[in-house]
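Here's the structure we're looking at; comments come further down.
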């Protein structure tokens, strides 16, 4: 019953937290227009890339450390991650200062704050503090949404910069509050020890560096299409494409919420033997059969419903929404299989699989981009479909 209760709390919290960005979507599409929204999507691709470099899988390192080594010295992992993120952000700011790009500077700051927030969320998740996790996530969503509207209503100048500044301010504020609460709950156990922090930093890199390829593969499949489109098509065309992706990503958010909520219990079931490799393979096959259902439901809806939501200038968005929903539907068997491999520390296998999948995605992306933008979403579908048989072969008993 506890897994159902916590999963429901996580899911409701995730839905509430993501409801505001989703409600903000029509505001942004109208406020920025197709060209402005396309430019914002382009910088979001840079934001996602920086999250990989700044994060170095810190949230995963915290979770794994907790389940393998317990709470002792867990704070050293948190400190080490924060120090690394601060150093990486400083290097990033020096680089964009040379480029004289205010937009990229805002992106760097926003990515650093998002990384710190992810670690705080991971602390609550591994301790199964579902309500605290939900409160932090909801607070982040609330403040970033309010700051976004406030800054964009102040002036029409530099809308992209203002959006990322809002992300930085909201996430930094909530992260600071979350850390202070974490420190208060731990009492005197959070002393700073240089030797332990250095050890924790080595632990983060040992775990995170092999996964950079894995996350880079996911980045290529999730964001690189906008970079390619921005180079060959107008910002307005990219705006319609990105609006379709953002709308369909609601499904991706829900699936990610379910994944985050169930991972601790999934690991416990694997540890106790209640779930085996055969079970995971069976569930993966069933979820593969169900993957097209969300896209089918969206296809049956009239396009005028989506134009009412996003704005009349986003004609053609219905087509993109359906294809992207198919792509997101294919992430369910991915989560089931990759979490199994994560539990068994098969990081190199995961990295290689992600690299192969990203290569297939990139090939389809470059081919479809030359034919027409309407074919580009097939790259996401192809990449997510390609990874299934590769992972399926890797899901087997490990000693």
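Every residue, even glycine, has its Cβ placed from backbone N, Cα and C.
Summarising the annotation, TrEMBL assigns transmembrane segment to 7-28 (among others).
Annotation comment: TrEMBL describes 40-56 (among others) as transmembrane segment.
Residues annotated as transmembrane segment in TrEMBL: 77-97 (among others).
The transmembrane segment annotation in TrEMBL covers 103-123 (among others).
Under the heading transmembrane segment, TrEMBL lists 130-152 (among others). Within its own chain, the transmembrane segment (130-152) is flanked in space by residues 5-6, 9-10, 12-14, 16-21, 23-24, 27-28, 31, 117, 120-121, 124, 159, 162-163, 165-167, 169-171, 173-174, 177-178, 181, 261, which lie at least six positions past its ends and keep a Cβ under 8 Å from the stretch.
With a threshold of 8 Å between CB atoms, the same-chain residues lying at least 6 positions outside the transmembrane segment (164-182) that come near it are 43, 47, 103, 106-107, 109-110, 112-114, 116-117, 120, 123, 132, 136, 139-140, 142-148, 150-151. The transmembrane segment annotation in TrEMBL covers 164-182 (among others).
According to TrEMBL, the transmembrane segment annotation covers 203-220 (among others). Counting residues 6+ beyond its ends, the transmembrane segment (203-220) has Cβ neighbours under 8 Å at 48-49, 52-53, 55-58, 60-61, 64-65, 77, 80-81, 84, 347-348, 350-355, 357-358, 361-362 in the same chain.
Listed as Cβ neighbours of the transmembrane segment (240-262) (distance under 8 Å, sequence separation of 6 or more from its ends, same chain) are residues 3, 6-7, 9-11, 13-15, 18, 22, 25, 29, 34, 37-38, 40-41, 125, 130, 226, 229, 294, 298, 306, 309-310, 314-325, 327-329, 331-332, 335, 339, 373, 376-377. According to TrEMBL, the feature transmembrane segment maps to 240-262 (among others).
If you look up TrEMBL, you'll see 283-302 (among others) marked as transmembrane segment.
Per TrEMBL, the feature transmembrane segment maps to 317-338 (among others).
Look at TrEMBL and you will find 350-369 (among others) tagged as transmembrane segment. Residues 210-218, 220-221, 224-225, 228-229, 232, 338, 341-342, 375-376, 378-380, 382-384, 386-387, 390-391, 394 of the same chain lie 6+ residues outside the transmembrane segment (350-369) yet bring a C-beta within less than 8 angstroms of a C-beta in it.
Distant neighbours of the transmembrane segment (375-392): 221-222, 225, 228-229, 241, 244, 281, 284, 288, 320, 323-324, 326-327, 330-331, 333-334, 337-338, 341, 353-354, 356-358, 360-362, 364-365, 368-369; these residues of the same chain sit at least 6 beyond its ends, with a Cβ under 8 Å from one of its Cβ atoms. Annotated transmembrane segment per TrEMBL: 375-392 (among others), in sequence order.
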Long-range Cβ contacts under 8 Å made by the transmembrane segment (77-97), restricted to residues 6 or more beyond its ends, are 50, 53-56, 58, 61-62, 65, 104-105, 108-109, 111-112, 115-116, 119, 123, 192, 197-198, 200-201, 203-204
Lying 6 or more residues past either end of the transmembrane segment (7-28) yet within Cβ distance under 8 Å of it, the residues of that chain are 37, 40, 130-131, 133-135, 137-138, 140-142, 144-145, 148-149, 163, 243, 246-247, 250, 253-254, 256-258, 260-262, 265, 309-311
Which residues, given as numbers and ranges, are at least 6 beyond the ends of the transmembrane segment (103-123) yet have a Cβ under 8 Å from it?
43, 46-47, 50-51, 54-55, 58-60, 62-63, 74, 78, 81-82, 85-86, 88-89, 92-93, 96-97, 133, 136-137, 140, 158, 160-161, 164-165, 167-168, 171-172, 174-175, 178-179, 182
Near the transmembrane segment (283-302), which residues from the same chain, at least 6 beyond its ends, have a CB less than 8 A from one of its CBs?
248, 251, 318, 321-323, 325-326, 328-330, 332-333, 336-337, 388, 391-392, 395
